[in-house]
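This report refers to the structure that appears directly beneath it.
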């Protein structure tokens, strides 16, 4: 990995050059680009050249690659706007004094102008949480479907490019990527990172910028405290307010869930007790997890305090779903109970109908027997003897007993003879 540290804040750059001017390089001008030496294709860039010599009339030229006609024989004082830039503008530039036609001063140090947006942007993959503890190492990966020869990682603080890290690509099955390890982390490593891809044959022509990743350093100050204004047991459709309080004179407070920042910071307010506080209003739909808060200052927004103790919040959606599930369960139980009651009622009706009918039949039979007994009470004592003979389907019924066996006195005994003639 090759590290190249560049400062593109022109005032700071000039301060360093003025210090070196007193050390023997008085006639040498210095050159920088504003707002950055990485210029998106189609935009303009301002070249600034300055020195202690008077009068300050300069010329600038491009050392390599295609010549820029816009710069040919053009003089300027201190600044020169060029663009809209194309890939031909990529390269190394120098400036020099042009006081008299035959007098040319020493040339400035080279300034690289890089044109971005030539290729499709890569993707910068950050750690699971963008919050890094002081002293840790952080690994960022730049991925692309294009087989770039090299990747460049840039760090921005206060919208100014601070550092460029270059790493050769590593092939994988779906393109190429490069890993960048940063650390041990200090406040100087915090900031916004982006990455680019490029080819070795045109190192001044980069891809479009990846989406930015913010890396924040924690643990630089004492931790605040986080609490809920109301009970942490959430009620459906009810907002939750979290309060972050500290004795430290923080200017901003930040909220995170499971290590991921939640929205932007909130300005701190001093309470009646003299403490500094910020209140975070959460929407009715809350994701469950451990919440923490941090304190910071406006002039170093990427440097945070140690995290507060965690405050666990359940998800309101889960409670709502639980209420729905309980309601469905109660409804199912009621339906089952109603079905069971209906079945029991049907069984009782069938049972009642069956035994009512049987009782009616038994009563009718009892009435018939009682009627017969009332009509002929002495008949029960009669002795009946029946003889049946079958002969050609002719029936003869003799109610008279044989003469030889007839007693002299009348007898109530009756013998019935029946002959059947077949």
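Placement of Cβ uses the backbone N, Cα and C atoms for every residue, glycine included.
If you check Swiss-Prot, you get these features:
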SIGNAL    1-21  signal peptide
DOMAIN    42-100  domain 'Ig-like C2-type 1'
CARBOHYD  44  N-linked glycosylation site
DISULFID  49-95  disulfide bond
CARBOHYD  137  N-linked glycosylation site
DISULFID  142-195  disulfide bond
CARBOHYD  200  N-linked glycosylation site
DOMAIN    237-300  domain 'Ig-like C2-type 3'
CARBOHYD  239  N-linked glycosylation site
DISULFID  244-293  disulfide bond
CARBOHYD  299  N-linked glycosylation site
TRANSMEM  330-350  transmembrane segment
TOPO_DOM  351-422  topological domain 'Cytoplasmic'
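Projection of Swiss-Prot feature records onto the structure.
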| residue | record | contacts (Cβ under 8 Å, 6+ apart) |
| --- | --- | --- |
| 44 | N-linked glycosylation site | 81, 82, 83, 84, 85 |
| 49 | disulfide bond | 29, 30, 31, 58, 60, 76, 78, 79, 80, 95, 108 |
| 137 | N-linked glycosylation site | 181, 182, 183, 184, 185 |
| 142 | disulfide bond | 122, 123, 124, 125, 151, 153, 177, 178, 180, 195, 197, 210 |
| 200 | N-linked glycosylation site | 149, 150 |
| 244 | disulfide bond | 224, 225, 226, 253, 255, 277, 278, 279, 280, 293, 295, 308 |
| 299 | N-linked glycosylation site | none |
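Ranked by how many other Cβ atoms sit within 10 Å of their Cβ, the disulfide-bonded residues 95, 195, 293 place 95 at the bottom. Break the domain 'Ig-like C2-type 3' (237-300) down by DSSP state and the numbers are 0 helix, 36 strand, 28 coil. Here the topological domain 'Cytoplasmic' (351-422) returns a mean pLDDT of 55 for the predicted model. Its Cβ placed at the centre, residue 239 (N-linked glycosylation site) has 14 other Cβ atoms within 10 Å. DSSP assignment over the domain 'Ig-like C2-type 1' (42-100) gives 6 helix, 25 strand, 28 coil. DSSP gives residue 200 (N-linked glycosylation site) a coil state; it is part of no helix or strand.
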